[in-house]
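Engineer: What TrEMBL records for A:12-33, A:61-84, A:96-118, A:148-167, A:199-220, A:249-272 is transmembrane segment. Among the features that TrEMBL reports, domain 'ABC transmembrane type-1' is placed at A:62-266.
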Amino acid sequence: MTSNRLLLLAPGLAWLTALLIIPCGLIFVLGFFERGVYGGIDYTLTTENFARAVDPLYAGIFLYSARIALTAVVFSLLIGYPAATCIAKQPKRRQMPLLILVMMPFWSNYLIRTYAWIVLLNREGLINGALTKLGAISEPLPLLYNDFAIVTGLVYGYVPFMILALYSSISKLGPELAEASTDLGADSWRTFLRITLPLTLPGIAAGSVFVFVLSIGNFVTPDLLGGGKRTMLGNLIYDQFLTARDWPFGATLAFLLVALMMVLLTCQAVFVHRSATQEEARA
Amino acid sequence: MSALLEIAGVAKSFGTIRAVDGIDLAVAPNEFFALLGPSGCGKTTLLRLIAGFEHPDRGTIRLDGADITATPPNKRPINLMFQSYALFPHMTVFANVAYGLEMEGLRGAALKARVEQALGLVQLSDQASRKPHQLSGGQKQRVALARALVKRPKLLLLDEPLGALDKKLREKMQIELKRLQQETGIAFLVVTHDQEEALTMADRIALLDHGKVAQLGRPRDLYERPESRFVADFVGQMNFFEGHRRGSGFAVAGLGLLPAQDLDAVPEGTAASLAVRPERVVLSDTAQPGAFAAEVVGSAYMGQDLVVHLALAGSGLPLVARLPASHRLAADIERGRQVHCSWAAEHARLLVK
């Protein structure tokens with residue numbers, strides 16, 4: 001039985017070990033060496049890279065990235081929660097087509113979809129053009145190459161993950177608890193705050209961690225929609241490897257980012273597991 | 001005494017299905033009322049209409065004289081105990097019961113006193129700090145009851161309140177519900193598919209069939225004076241004979257003329273069913289005038305009773321008789337034995353519908 005299971009796991013484990021665990025280990029180890037004079041690696045042990053990572057310059061980039069990612073999380077929640085609620089309340093046979101529609105953007109390339117936002121947001125783009133024609137504005141709005149554009153791109157890209165995570169949580173809840181709350185005299189707002197919201201926290205946590213983790217490491221969106229003016233963590237790592245050719249420092253930053261993601265995902269997994277065991281005990 | 005709840009001409013359809021098809025009924029204050037019926041008869045829809053979760057297509061619902069047809073559920077002085085109990089899993093027993101009072105704006109010591117009183121009423125005072133998943137089925141049911149009763153509603157609706165409990169606990173809770181209803185003085189309206197539950201607990205029963213009231217009355221009326229074949233068949237066990245009203249009795253092919261009560265109400269020649277309760281069938285091992293010879297084809301021992309399946313001689317028509325275990329014949333009823341069976345005219349009811 002046990003050996004059978006191991007056999008089934010083997011291909012997946014081999015894949016993960018070869019392409020995820022070993023590279024992560026290499027990156028971790030790389031962070032403890034010095035940069036070679038011509039961009040190579042000088043195999044002298046040092047902790048200087050880690051000291052450099054907390055330098056205000058880089059810490060500032062980290063905080064800025066976290067702020068952008070958090071903003072993306074908040075807007076994804078604001079857009080995703082009503083959408084997920086609406087899908088979960090549809091008749092069963094209509095839910096699957098709607099979920100497929102939510103996933104539809106993934107059928108095309110992320111880079112192309114991000115480029116499409118440039119067409120929408122630039123000074124002569126669709127939005128500014130339409131608003132100017134309607135006479136609503138005289139000067140084009142600064143929609144592109146700023147934080148607004150970055151957050152818009154991230155929310156657009158990752159809101160489906162938020163909707164899926166929330167949907168699975170909300171649809172499990174069923175209508176009865178909300179009805180019980182209404183029956184006991186609560187209006188819909190108080191029912192949401194005291195019953196629906198606390199009971200869908202696992203979904204909120206899962207969706208938020210997904211969106212945060214994907215956003216903070218993203219480098220395509222800040223590059224294209226931010227116009228390269230602001231650097232996020234993803235861009236910084238990208239630059240260390242490909243422009244500055246400082247692999248050890250890039251590896252240190254990459255390792256720190258992976259570590260942060262692991263901590264967040266573990267917290268979320270523990271949280272979900274705890275509420276799941278409670279639910280099992282309830283059933 | 002004026003009615004507490006008045007339902008007049010209420011109808012509700014879902015697509016082409018008429019779930020509730022023009023129902024009139026009234027529940028008196030302090031009454032224990034049961035909505036009984038097979039699944040799909042519309043009893044749950046009617047309950048949801050009274051609670052306010054569904055809106056009727058036509059008809060009015062009045063509570064204490066006031067029209068509440070358009071009142072949202074959170075503004076109705078009616079509470080519902082859900083079939084699944086619908087306890088809030090993230091709250092303690094205390095918080096579950098307190099929830100409805102908090103919505104009324106009650107706080108502090110007054111709130112605590114009311115919750116503790118309600119928990120005392122259902123004997124759960126020592127479980128106040130537990131979460132629902134730590135409770136047994138019976139305890140959950142009592143939390144749900146306390147949560148609904150603590151609001152002191154004018155009317156308490158209970159959706160299959162004992163459905164999820166095992167038989168022993170169910171019998172105990174039937175008595176418990178009756179006690180709570182009398183102690184609180186709140187009118188109870190119970191939805192159930194279990195006729196035994198309705199007969200034991202309710203002051204009056206409305207038996208529903210296809211969205212309509214088939215019969216409304218006291219348990220005794222429904223059991224002893226069913227007005228249609230559906231009612232006679234649904235409530236308790238019943239023997240039916242198909243035939244025609246003729247002369248001084250009821251003619252059944254192969255059996256001749258059978259005695260029946262209220263013959264005058266049915267015109268000569270009308271096709272009807274004759275209904276006889278198994279416990280009204282008298283068995284004897286000697287031939288009597290007016291008795292039918294029959295052969296025992298099987299029997300089931302039920303503890304205090306013995307249910308005997310018979311085939312009438314000549315016609316072969318089936319007949320079920322129910323004897324108390326103390327009956328002289330009960331000890332040696334066996335397959336193939338010949339007996340004679342009869343019943344009094346007043347226990348044979350003619351049903352035209």
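Using the three backbone atoms N, Cα and C, a Cβ is placed for every residue, glycine included.
Remember, it's a predicted structure, so these values are computed and weren't measured experimentally.
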Engineer: With pairs restricted to those 6 or more apart in sequence, evaluate whether the transmembrane segment (A:61-84) and the transmembrane segment (A:148-167) have 3+ C-beta pairs under 8 Å.
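Structural biologist: In this chain the transmembrane segment (A:61-84) contacts the transmembrane segment (A:148-167) - 3 or more Cβ pairs sit under 8 Å.
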Engineer: Ranking A:12-33, A:148-167, A:199-220, A:249-272 by the number of C-beta pairs under 8 Å to the transmembrane segment (A:96-118), which range is first?
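Structural biologist: Per the Cβ count, the answer is A:148-167.
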Engineer: Can you work out whether the transmembrane segment (A:12-33) touches the transmembrane segment (A:249-272), with the criterion being 3+ CB pairs under 8 Å where the paired residues are 6 or more apart along the chain?
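Structural biologist: Checked: the transmembrane segment (A:12-33) vs the transmembrane segment (A:249-272), in contact.
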